[in-house]
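**Q** The following feature annotations were taken from Swiss-Prot:
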{"type": "SIGNAL", "residues": "1-27", "note": "signal peptide"}
{"type": "CARBOHYD", "residues": "N80", "note": "N-linked glycosylation site"}
{"type": "DOMAIN", "residues": "86-307", "note": "domain 'Fibrinogen C-terminal'"}
{"type": "DISULFID", "residues": "C95-C124", "note": "disulfide bond"}
{"type": "CARBOHYD", "residues": "N103", "note": "N-linked glycosylation site"}
{"type": "CARBOHYD", "residues": "N162", "note": "N-linked glycosylation site"}
{"type": "BINDING", "residues": "D242", "note": "Ca(2+) binding site"}
{"type": "DISULFID", "residues": "C250-C263", "note": "disulfide bond"}
{"type": "SITE", "residues": "Y254", "note": "site 'Implicated in ligand binding'"}
{"type": "SITE", "residues": "H264", "note": "site 'Implicated in ligand binding'"}
{"type": "SITE", "residues": "A281", "note": "site 'Implicated in ligand binding'"}
{"type": "CARBOHYD", "residues": "N293", "note": "N-linked glycosylation site"}
Amino acid sequence: MHTVLYSNMKNMFQLLSFLCVSLLVAGDVHHHAACSTVCSLKGILDSVSDLTDLAKERLATLQNPICSKDKAFYMETYTNVTQNKAEKNGLPINCATVYQQGNRTSGIYMIWPLFLNHPISVFCDMETAGGGWTVIQRRGDFGQPIQNFYQTWESYKNGFGNLTKEFWLGNDIIFVLTNQDSVVLRVDLEDFEGGRRYAEAVEFLVRSEIELYKMSFKTYKGDAGDSLSQHNNMPFTTKDRDNDKWEKNCAEAYKGGWWYNACHHSNLNGMYLRGPHEESAVGVNWYQWRGHNYSLKVSEMKIRPIIFVPGEGLPK
């Protein structure tokens with residue numbers, strides 16, 4: 001019985017590993033979710049009451065080659081293919097490599113991230129803290145009309161707005177950008193009185209749509225006050241997709257799309273209300289700096305690889 005059970009588990013893991021590898025080679029943006037599913041099955045199977053100690057030990061030996069060795073091999077293969085494809089077109093994979101190519105002017109550039117089968121336009125910040133930042137969100141006072149951030153799941157998935165003004169780059173793209181490198185998220189904030197603050201989240205990661213664009217990071221630093229940790233390990237919520245911990249929908253209540261908990265200490269995709277506002281927590285809020293009744297003038301969210309050296313670029 002033990003042998004049959006082990007054989008069945010081995011065959012199942014081999015099948016799932018093949019699926020994972022196929023997605024990697026195809027460049028499917030959900031490949032990380034598929035592989036994490038393979039890995040997480042160990043925990044599920046461990047909970048089965050009739051799983052013997054012998055089967056557990058053998059299953060543990062299977063986990064490493066399937067979820068680490070094989071995945072690493074095919075990830076390296078696919079990465080090399082994609083990099084060669086991008087290099088043939090002269091396109092960098094993010095704004096850090098745009099910087100590495102000698103560009104020092106902030107603006108719109110074309111990049112070709114790994115795991116995407118097409119290039120995209122992004123705004124690169126080449127000035128803040130040494131440059132090399134790929135901007136994923138911006139709020140600001142750009143006059144009329146004001147960009148509406150009270151959007152649907154599909155809109156946040158694909159992105160919206162104007163790269164030279166207010167925009168959300170898109171959860172699918174953010175997923176790709178945060179999975180091709182280990183990155184730091186920087187949030188730059190400004191109020192209407194001229195005050196400025198920043199926050200950084202190290203090892204910032206957004207998972208795939210299958211995992212509801214769950215966000216996580218390891219450590220926080222900055223002078224804005226920590227309004228991110230409450231949202232750590234939370235999935236994304238919009239007015240039409242409620243994934244938060246509140247009995248109601250945080251996005252619907254606070255007029256945005258965000259990694260709401262129950263509900264928020266930051267709401268950078270809230271309503272653009274220009275300073276103090278009466279209705280609590282519906283604006284572009286950063287609670288640990290200006291509270292729930294002050295909507296900020298500027299918010300910029302940007303990412304770059306952790307290994308980037310300010311003023312020097314990426315290690316050669």
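Placed from the backbone N, Cα and C atoms, the Cβ positions cover glycine too.
Tell me about the surroundings of these features in the structure.
**A** Less than 8 angstroms from the CB of C124 (disulfide bond) sit C95, V98, Y99, N103, S106, G107, I108, Y109, G131, G132, W133, T134, V135, each of them six or more residues away in the same chain.
Residue environment of N103 (N-linked glycosylation site) contains 17 other Cβ atoms, counted within 10 Å of its Cβ in all protein chains.
According to DSSP, N162 (N-linked glycosylation site) is assigned to coil rather than to any helix or strand.
D242 (Ca(2+) binding site) has a Cβ environment of 17 other Cβ atoms inside 10 Å. In this structure, D242 (Ca(2+) binding site) belongs to neither helix nor strand by DSSP; it is coil.
Counting only residues at least six positions away in the same chain, the Cβ atoms of D244, W246, C250, A253, Y254, A281 sit under 8 Å from the Cβ of C263 (disulfide bond).
DSSP assigns Y254 (site 'Implicated in ligand binding') to a helical segment in the three-state reduction.
Counting every protein chain shown, the Cβ of H264 (site 'Implicated in ligand binding') has 28 other Cβ atoms within 10 Å. Taken residue by residue with DSSP, H264 (site 'Implicated in ligand binding') is part of neither helix nor strand, so it is coil.
Annotation note: A281 (site 'Implicated in ligand binding') sits in a coil segment as assigned by DSSP.
DSSP assigns N293 (N-linked glycosylation site) to coil in the three-state reduction, outside any helix or strand. N293 (N-linked glycosylation site) counts 17 other C-beta atoms within 10 Å of its own C-beta, drawing on all protein chains shown.
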**Q** If one measures from the C-alpha of N162 (N-linked glycosylation site) to the C-alpha of H264 (site 'Implicated in ligand binding'), what distance in angstrom results, rounded to a whole number?
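**A** Their Cα atoms are separated by 26 Å.
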**Q** Mean pLDDT over the domain 'Fibrinogen C-terminal' (86-307): what is the value?
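**A** That region's mean pLDDT is 97.
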**Q** By the count of other Cβ atoms within 10 Å, pick out the sparsest of the recorded positions C95, C250, A281.
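**A** It is A281 that, of the recorded positions C95, C250, A281, has the fewest other Cβ atoms within 10 Å.
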**Q** In whole Å, how far is D242 (Ca(2+) binding site) from N293 (N-linked glycosylation site) when you measure between their Cα atoms?
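**A** Here the two Cα atoms are 24 Å apart.
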**Q** If you run the three-state DSSP split on N103 (N-linked glycosylation site), which class comes out?
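**A** In the DSSP reduction, N103 (N-linked glycosylation site) maps to coil.
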